[in-house]
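Colleague: Here's a structure for you.
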Amino acid sequence: MCRRLQEDKSIRLFGPKMITSVALSIVLLYFHDQLGYSEAQLQFGFYSETCPSAESVVREVVQQAVTNDPGKAAVLLRLQFHDCFVEGCDGSILIKHDGSDDERFAAGNAGVAGFDVIDEAKSELERLCPGVVSCADIVALAARDAIVEAKGPFYEVPTGRRDGRVANVGHVTNLPDVQDSISSLKSKFREKGLSDQDLVLLSAGAHTIGTTACFFVIARLDAQDPTINPEFFQILRSKCPQGGDVNVRIPLDWDSQFVFDDQILRNIKNGRGVILSDSVLYQDNNMKTIIDSYLETNQSSEANFAADFAKAMVKMGAIGVKIGGEGEIRRLCNATN
């Protein structure tokens, strides 16, 4: 039976530090009982009767994609972030008309990808359950499954989102940017109902895997940003030399770019944040306290980061969702019906 989304359900943690099955049961019950999103009216197991294989189909497509290209995990995670911050989590970023006026072509969405994976999952789901599973839900499920493939936390994804019909480049006006100040980042997240802790979790969680282009780093190198660790500055400068190719890709988490872990927090604390929007997190007292809390030397700190990240993902996934009679269920994810 479908269960109305009442709580943040959590987590099976994957990785070298696994919590015990007993502790897991406690965590699951705790999150199920403590935090609600009833206003979104999403449901766990929304497709359990109408398309029982929906989640397994998405999972298999994502697993194959990440096996073929480990970089796809980060790409699919960021796709949900960019979708939810414009028009809400409604799959609007997937729409592609003949021109260049669509949301996906906005400057703030430069480098966003993973559309092929979503389209492949949608094609298979349309074959099995035509007109049932929304593209917006596929994006949310694919992000979760991508995180798991990167040895991150598994978490239940509430579903029931409907697809939006609007995708306008002019609506992409307030996406968080790599050059944003900490006050600007806080403001943009708060506008979406996300807290300072969510900002730390979603930024660090998204950037613990994947790469960025020298284009997004070169300005702070040319300015000799003093917040960059001197030794790390030389490493970055060697990869992104002045006047060099700005399209060269470099890891966002220098030590473990394909593995979801809390190393990104240590990097940020130690002046080894690659992009400015990560580095500024440790220049704010409240953010610094949050980051330090996850780096305390105890056995549960890594588990706490993963668990809290999963909670933040569920919270973000409820931003501006369309439900009931709103929106539509697209037949093709890149085009409205």
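Using the three backbone atoms N, Cα and C, a Cβ is placed for every residue, glycine included.
Taken from TrEMBL, the feature active site, proton acceptor covers HIS82. Taken from TrEMBL, the feature Ca(2+) 1 binding site applies to ASP83, VAL86, GLY88, ASP90, SER92. Residues or ranges marked as substrate binding site by TrEMBL: PRO176. What TrEMBL records for HIS207 is heme b binding site. Summarising the annotation, TrEMBL assigns Ca(2+) 2 binding site to THR208, ASP253, ASP261. The disulfide bond annotation in TrEMBL covers CYS51-CYS129, CYS84-CYS89, CYS135-CYS333, CYS214-CYS240. The domain 'Plant heme peroxidase family profile' annotation in TrEMBL covers 41-337. The annotation site 'Transition state stabilizer' is assigned in TrEMBL to ARG78. Sequence annotations record features per position, and here TrEMBL assigns transmembrane segment to 12-31.
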Colleague: Would you mind checking how many other C-beta atoms are within 10 angstroms of the C-beta on CYS51 (disulfide bond)?
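Modeller: Other Cβ atoms found within 10 Å: 17.
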Colleague: Can you grab the distance from THR208 (Ca(2+) 2 binding site) over to ASP90 (Ca(2+) 1 binding site)? Cα atoms, rounded to a whole Å.
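Modeller: Approximately 25 Å lies between the Cα of THR208 (Ca(2+) 2 binding site) and that of ASP90 (Ca(2+) 1 binding site).
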Colleague: List which of the recorded positions HIS82, VAL86, GLY88, ASP261 have their Cα within 10 Å of the Cα of CYS135 (disulfide bond), in sequence order.
Modeller: none
Colleague: Fill in the CA-CA distance, ASP253 (Ca(2+) 2 binding site) to the residue listed as 'heme b binding site', as an integer in Å.
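Modeller: Answer for this pair: 7 Å between alpha carbons.
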Colleague: When you put HIS207 (heme b binding site) at the centre and draw a 10 Å sphere around its Cα, which of the recorded positions ARG78, HIS82, SER92, CYS240 have their Cα inside it?
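Modeller: Of everything listed, what lies within 10 Å of HIS207 (heme b binding site) (Cα to Cα) is ARG78.
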Colleague: In the structure shown, with every protein chain counted, which of the recorded positions VAL86, CYS333 has the densest set of Cβ atoms within 10 angstroms of its Cβ?
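Modeller: The residue with the most neighbouring Cβ atoms within 10 Å is VAL86.
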Colleague: Please report the number of other Cβ atoms within 10 Å of the Cβ of ASP83 (Ca(2+) 1 binding site).
Modeller: 30
Colleague: To the nearest Å, how far is the Cα of CYS240 (disulfide bond) from the Cα of GLY88 (Ca(2+) 1 binding site)?
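Modeller: Just about 35 Å between their Cα atoms.
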Colleague: Using the Cβ center of THR208, ASP253, ASP261 as the Ca(2+) 2 site position, which other residues in that chain lie within 8 Å, going by their Cβ?
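Modeller: Along the chain, the qualifying residues are ALA204, HIS207, ILE209, ASP255, SER256, GLN257, VAL259, PHE260, ASP262, GLN263, ILE264.
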Colleague: Using Cα-Cα distances with a 10 Å cut-off, which of the disulfide-bonded residues CYS84, CYS129, CYS333 are near SER92 (Ca(2+) 1 binding site)?
Modeller: CYS84, CYS333
